[in-house]
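Student: Got a structure for you, questions after.
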């Protein structure tokens, strides 16, 4: 019987978990993954979902071509724009767009959450297969434990429940598929051409993963390590010995036999225990001749090197093309996004980066501190030049002691333990590297979503450690119950954390205990409260956000809007001027300051502010709308029409601008233009009652009574609570000599608004005696 197989079975038998068949394992993993996040099906669109899906024209607009998806960033802006964060994920946006179409052009959160949940189940099942490959198909219990922890770990909640997390899920799916394709392409001896074909296919899937989320391409690094350590059994000690032989050959200055190093590969693999006798055959003679007796077949090494070259070349080319698509520029982030990256002192940056790594490790170990956003004071900066010593530096030292101990234990171990630890450590580092700030700055401090794929390596290390503890006498039974308890606790925590993501209010409130110093948490709480009508609560949290971050221009702008709505124009003006002093190109603040000045009667100052806003943001429909209102106030009707036309051309769904434009043309007697604009508006807003109402008024003046009646009735059907709709329809019927119907709608208008002119018109009808025989349900 094969010695290695027996050794593997014994190794796996120690793991404190039941031994299940493949299908039973997959079934349990699927159920665990689905049930842990089942409540996400009740969730709404929250946080970043609004910008990435709801407000993203690449998802919801039929006018955006598929080509545009590949030149825009994740948020729908041009990828080359200076303000773009360079998040290039066209396939994820394409997925959102397909789901939007499948939902009959409606943004149904249930469909999006269902797909996320299904993707997580699929990825969890694929992790079981990948763990099987990492354990060389001989440790089903270990593979099951790793995959089960992956399926239920609470740190994955953001990726699974947040709709924008679909980027992580799709990227992980294709990354794992590329890993599996690579494995089946190189496990057996094949022709060089076929070997290269499988390597190329692996690269294609990893590039697809990258087009879903940037870090997907890093799976190539994991695959290369897997090829060296698992497929070809080159452990660190073997590689070190081989390097020594290479150096000796160079010292002997004989390059003729250099290609024969390939022969060592197979020899070392099958006869490593004879290494000492092999080294004794290598002698540097005076005439420089090396006498080596080795096997002649070195195809495995050539195949491995070829695979790696193909993957590295294709990967580098893919990254370079992506760099060109970005406009060959790096993203520009603000200090509030990642304060540690803006530290001038190198030591301070290193200390803060390492503390962030420690936080990432901690939320994997103990996922109690979970927060939708970790920026803006959530993690106070460590500054080595402070007079007071920061105790967190000790934690960083302990963190590195732990890592070095783990690396040393890896080197000293052997067999499956060593190979598993190597894969666990390297895959965690490689997959996390894009978020590490090592190669480039990132736009966040801690982001739980980026741990989705890197956590695979972490779970591998955990199970190896669990297995090691189980070898101690009497520990196996204890660890079995402990593992069951851990699974149960993780399941409950994931279930509870999913509830936090059901609504924005719950999500933002859940962050306060974790990050009470995070100004963005208070900002989002305030914004959500203001949208819900709780303005006092909103003011409190906006003020707290500004207190925590005195340069928080967005909070100042929003707080100013509340003050303006409450009539406190001076306080609003002061805040907006302060926000503009911080960010002079803040177009929204310029527009809002213009609205404040217009409310004060300072029309010239108001116009200047609107024009400043348009200077910094040329395509700004809301600003054009407000500018049109200003011109209307000043009696500049032609300028008002021009401004509203700009607003509707930039935003065809701007219903108030359309209404103002149509009413203005109507009042100016330009009925044909009003009619054309009304039909144009309806092509974009088919179910907007105000547009049907305005069109009906125009048609009535053109004596198109039947068409006018039709649009009045549509407006009433869409919104029957507006008195003006009933009153104007009553006027139409009155003119049309349909007096009974006129009476009915006058009565309805009077019910809805007793101050309307409906009662007066009813009296006119009664005096005429033309409605004496009119009877309606409940009305005489």
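Glycine is treated like the rest: Cβ placed from N, Cα and C.
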Student: Out of 20-38, 39-57, let me know the one TrEMBL marks transmembrane segment.
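Tutor: From TrEMBL, the annotated transmembrane segment range turns out to be 20-38.
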Student: Transmembrane segment per TrEMBL: which of the ranges 374-392, 393-411, 507-525, 526-544 is that?
Tutor: 393-411
Student: Which of these ranges is annotated transmembrane segment in TrEMBL: 450-466, 552-568, 569-585?
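Tutor: When 450-466, 552-568, 569-585 are checked in TrEMBL, transmembrane segment belongs to 450-466.
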Student: By a Cβ-Cβ criterion of under 8 Å, what residues six or more beyond either terminus of the transmembrane segment (450-466) are in contact with it?
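Tutor: Result: 15-16, 127, 130-131, 134, 142, 145-146, 149-150, 153, 155-156, 159, 165, 168-169, 171-172, 175, 215-216, 219, 360, 363-364, 406, 417, 420-421, 423-429, 431-432, 434-435, 479, 483.
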Student: For the transmembrane segment (169-187), name the stretch out of 110-131, 217-235, 309-333, 353-372 with the most CB-CB pairs under 8 Å.
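Tutor: Between the stretches 110-131, 217-235, 309-333, 353-372, 110-131 has the largest tally.
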Student: Grab the same-chain neighbours of the transmembrane segment (217-235) for me: Cβ-Cβ under 8 Å, and only residues 6 or more beyond its ends, written as numbers and ranges.
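Tutor: That would be 133-134, 136, 175-176, 178-179, 182-183, 186-187, 202-203, 206-207, 209-210, 242, 265, 268-269, 300, 304, 307-308, 311-312, 315, 318-319, 414, 418-419, 422-423, 426-427, 430-431, 433-434, 453.
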Student: For the domain 'DUF1736' (328-403), what's the model's average pLDDT?
Tutor: 87
Student: Pull the DSSP breakdown for the repeat 'TPR' (519-552) and write it out as helix, strand, coil residue counts.
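Tutor: Tallied per class, the repeat 'TPR' (519-552) gives 27 helix, 0 strand, 7 coil.
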Student: Go through 110-131, 192-211, 309-333, 353-372 and flag the stretch with the largest number of C-beta pairs under 8 Å relative to the transmembrane segment (20-38).
Tutor: 110-131
Student: Residue counts in helix (H, G, I), strand (E, B) and coil for the domain 'DUF1736' (328-403), per DSSP?
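Tutor: Grouping H, G, I as helix and E, B as strand yields 36 helix, 0 strand, 40 coil.
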